[in-house]
Amino acid sequence: MAATGVLPFIRGVDLSGNDFKGGNFPEHVKSMTSLRWLKLNRTGLCYLPEELASLQKLEHLSVSHNSLTTLHGELSSLPNLRAVVARANNLKNSGVPDDIFQLDDLSVLDLSHNQLTEIPRDLENSRNMLVLNLSHNSIDNIPNQLFINLTDLLYLDLSDNNLDSLPPQMRRLVHLQTLILNNNPLMHAQLRQLPVMVSLQTLHLRNTQRTQNNMPTSLEGLSNLTDVDLSCNDLTRVPECLYSLVNLKRLNLSSNQISELSLCIDQWTKLETLNLSRNQLTSLPSAICKLSKLKKLYVNSNKIDFDGLPSGVGKLSNLVEFMAANNNLELVPEGLCRCGKLKKLVLNKNRLVTLPEAIHFLTELEVLDVRENPNLVMPPKPVDRTAEWYNIDFSLQNQLRLAGASPATVAAAGGGNSPRDHMARKMRLRRCKDSAHDDQAKQVLKGMSDVAQEKNKSIEENGDLKYSDLKTKRWDKNLEKPQLDYSEFFLEDVGQIPGVSVWQIENFIPIQVDEAFHGKFYEADCYIILKTFLDENGALNWQIFYWIGQDATLDKKAGAAIHAVNLRNYLGAECRTIREEMGDESEEFTVVFDHEISYIEGGTASGFYTVEDTQYPTRLYRVYGKKNIRLESVPLKASSLDPQFVFLLDTGLEIYVWRGGNATLGGTTKARLFAEKINKNERKSKAEITTLMQNQEPPEFWEVLGGQPEEIKKHVPDDFTPIRPKLYKVGLGLGYLELPQINYKLSVEHKDKLKLDVVPELRLVQGLLDTKGVYILDCWSDVFIWIGRKSPRLVRAAALKLGQEVCGMLHRPKHAVVIRNLEGTECQVFKSKFKNWDDVLKVDYTRNAESVKQEAGLSGKVKKDVEQKDQMKADLTALFLPRQPAMPLTEAEQMMEEWNEDLDGMEGFVLEGKKFARLPEEEFGHFHTQDCYVFLCRYWVPVEYEDDKEKGKEKGEEGDDEEKQPEEDFQCVVYFWQGREASNMGWLTFTFSLQKKFESLFPGKLEVVRMTQQQENLKFLSHFKRKFIIHKGKRKLKVDSVQPSLYHIRTNGSALCTRTIQIATDSSNLNSEFCFILKVPFESTDNQGIVYTWVGRAADPDEAKLAEEIMNTMFDDTYSKQVINEGEEPENFFWVGIGSQKTYDEDAEYMKYARLFRCSNEKGYFAVSEKCSDFCQDDLADDDIMLLDNGKEVYMWVGTQTSQVEIKLSLKACQVYIQHMRSKDTENPRKLRLVRKGNEPHCFTRCFHAWSAFKTAPA
């Protein structure tokens, strides 16, 4: 394999993450004779493999995070070895060989996170050492001779050891740039060596027992020092030596005892990060405002108050992060809000009362943390001046126009809504007083008039204007070029730099060719060549050629010609596109490539479709995962099945989803959906998908798997964890290949910056794949090759060969295959390896009308049509309709009488247990919140008689007496009523029992109407003649008879909608405009209690009379009954029974204004609809926004399942409604209030009859 493969050309490979325990190291590594770097991190190695001896050109070796106990082996035989990284192993002193320090080129050594107790022997002989990392060991002493020869060191890390002192020879490290000594005692170190290290850039002395006495007196010579860390020490003030570091950029003084800062800090003019957290500071000096380059300032856990922050903090114009948590701040200076680049502001655990209003103008602010400030009141947000949200014009004029208002109304709404701009008026007055502007304007007018006079004079002298003055543009100049988007084919900087660019036509699309392959043309391909140069005037000019190969297909020829013209239009060039054919190139063309043109046999495939039968390989996959399923290929045999899992058998046009006996239903459903995606995206919906249960498989299923087994046994361990996929990026250079591995936990190659929650389990994301690259994804059981659309052809070819080598090199199952994926046509199994790879089209709902206008490149009427088509639809008509007027009492009584005249009979039933029992007539009109009722109503249907005169013409008078009159018809309506606290089992019981019986008794004449509490049919309510009573609990459930009960009588918009509902027994629920019934029971057999009908002083007299009748209906003579007016309540029974006297509402003005609107997107667009005046608490939809107008406030009620889009659109609709009502009802201006479900105030709940707790779903 190695002789004919690509292994000898590989210069670097990253095999980290593979399992090389127990001698599984691949032997083919010996064939990589050109290997320069090799990474074997996290591979489980216990010793260095022997194959390393064959890698004589190896320069960099990384074996971190393994179980190595020794580095003895062939390292000393590698003459070119430069770097050895063996961090996080089990190395001891004896495990580090002495002979590796005799290597002349060894310059990097990392032995950190091991078990060393002393410096490796002979380390001082490595004279060319540049980087030395011995941190996180147990070294307690550094020999004096170590740094005698290591004078070229650039990086030294000795942190997290047990060092007490430092050798004086460290002053020889004059080239050292980074020195890290964190977490060492260093109690005897005075750091006198520091001033000599003139090249030092980074100095970390965290937790090294630094005090004022053991710091150097001066560091003036360290002009390059930019990063200093002195945190977790015992400093009481800033060391004086730090003030001389004029180039300091990062300074960490956190976790010390510093109580004040000197004014000398203004010398740190280049400081970008300052950390003073966890000290004893009470204030910051004003000199800190002179640090104009400061980007990050941390002062957490100090004692700073408002006076401790300088007012000039706004001068820190580059400040990005400011953290002052756990201090004593009551306010923050308004100048802080002038730091326009501020992105993170943390002020939690303070004593904040409010924040400056300018906080809302920090447009780049991403994090504002003000938690644990109990008295904080956020300043109001400024009014948004933009009328258009989500491409919807929410201006009052536009919405009135859409609602069909008259032009006068629309104009009035616009005229009365524009507030005076006093600032603009001042500016106008100032401009009027400024005579300089007037003089300038007069000069401009005089100049224009002089030019016009000279032109007229020349016409009079010379007659008509010359022809050249009236010369028109050429016909082709007047043509309007279409606004086409070429950015998908050509980059932005194309043609902007002198040079040559070449594109190859592939699948109708131009793909840019690397500069190394310029002048090399495939005989079956076509190319576009652009030469950019500067003309004699220094302006950019271009030459555009398109080259045709002798064996090129028609689609490539056409594509080259078309895209050459597209390139000319994209550049705005005026040159011609020149056709060049293979073997007949012009001299002008060959000069572009210095007469060095070569032809290569072959070419890419044609872009035209070829009709051939697709061959699908048969694969068997095991499905695992909970939230997002993933597939792992397993051997194609019946023994691979396991009853714990779901398996997917893909035979091409037959896809089987097999569910094991112990597999979950959710996993089966997701596997079925996955199969549907395969069918739709890869099989053109031609495959048949079959779901199979264990022990119910058809014979053809077992034929594919080689026969049915005797028993399907569990063989996958319970702690099964899939092998982590490894993503490689193929690199190609001049004569070599590289295969680096992408660490997608720490990768910075994403198109968007990754957040921590994006890859919580080291998951791959689609953003890692670059369209210009080629990648290999090694999933152990499968190897995928992903080819980007703009990747070079040679890299593609090398990746295909390299994928085969990788597949055969490492130990993997026999059924593993290499699968090729082109960008945009990836298979579903490949996509499942990535997190949230979804091909759903992204829609931007935040576009406004201006952005829509900019997108349309049309003009005139066509442009307007495009804008109207792109605008999002919204219906706010309901907000501008008048409130539904209350129905007069006489009209309601007449309607009630008519409906009752048609009623022939009514039978009632109530659900008792699991059956419906007949309801006694004396209980008609009494309902309970936990019960379900059924009422069978029989109505007479009027019959239309024929005209007597027409009858007389057809029949004689004698026949009229004998003629039979037609029988009157009837109709049956079944009303099903369900209480708020009743379960849906009542409806199911009715559907399968009583309804079937009624349908058999009245075939074709039965209508079923389902109703819930307080959402009843008006016709149904009319049968109870305003005596509709709703009790709490169940009908036959014996409640505590000693507890008083209170009933509220209320009419909503019509006398038909009158209900008497039991509410909480609390005097705060009383209202002077309503009537209430209070039952106070006694513990006596003779007298069961006393019942009061309480009549408010402003109650309607008709309702007061009705309340007395309802009281007599509800209670028999065993109760004492009494009608009392407000203010005449007896103390003994009434106030004691109702639970003491409390304040209550004395008016119900809200009943005259109350309106409830629903804002929803359920129609596919944003629409507002109004509920009828008889609304109730259950009309509050949890997934929508509700607007409640009570005449003074407009409440915006937000449910728990409401989308953010609905919230934002509803807010704008609410503002439009308030603006409209301000002009319609000037005496009652509304205020906007926000209410979240479960936190409704009393002014909101009183608009609903009998408000109580929300219904909850059964557990």
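Heads up, the Cβ atoms here are built off N, Cα and C, so glycines get one too.
As written in Swiss-Prot, here are the features:
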type	residues	note
REPEAT	7-32	repeat 'LRR 1'
REPEAT	33-55	repeat 'LRR 2'
REPEAT	56-78	repeat 'LRR 3'
REPEAT	80-103	repeat 'LRR 4'
REPEAT	150-173	repeat 'LRR 7'
REPEAT	293-316	repeat 'LRR 12'
REPEAT	317-339	repeat 'LRR 13'
REPEAT	340-363	repeat 'LRR 14'
REPEAT	365-385	repeat 'LRR 15'
REPEAT	628-702	repeat 'Gelsolin-like 2'
REPEAT	757-830	repeat 'Gelsolin-like 3'
REPEAT	1170-1225	repeat 'Gelsolin-like 4'
Write out how many residues of the repeat 'LRR 13' (317-339) are helix, how many strand and how many coil, based on DSSP.
5 helix, 3 strand, 15 coil
With DSSP as the yardstick, break the repeat 'Gelsolin-like 3' (757-830) down into helix, strand and coil residue counts.
23 helix, 19 strand, 32 coil
Tell me, please, if the repeat 'Gelsolin-like 3' (757-830) and the repeat 'LRR 1' (7-32) are in contact, taking contact as 3+ Cβ pairs under 8 Å between residues separated by 6 or more positions?
yes
Would you kindly list the residues that approach the repeat 'LRR 7' (150-173) from elsewhere in its chain, counting only those six or more residues past its ends and only Cβ-Cβ distances under 8 Å?
112, 123-124, 126-144, 179-189, 191-193, 196-197, 204, 206
What is the number of residues in the repeat 'LRR 4' (80-103) that are helix, strand and coil, as DSSP sees it?
7 helix, 3 strand, 14 coil
Could you tell me the mean pLDDT the prediction assigns to the repeat 'LRR 7' (150-173)?
92
In the same chain, who gets a Cβ under 8 Å from the repeat 'LRR 14' (340-363) while lying at least 6 residues past its ends?
300, 317-334, 369-373, 375-382
For the repeat 'LRR 13' (317-339), distant same-chain residues with Cβ under 8 A (at least six beyond the ends):
277, 292-306, 309-311, 345-356, 358-359, 361-362, 369
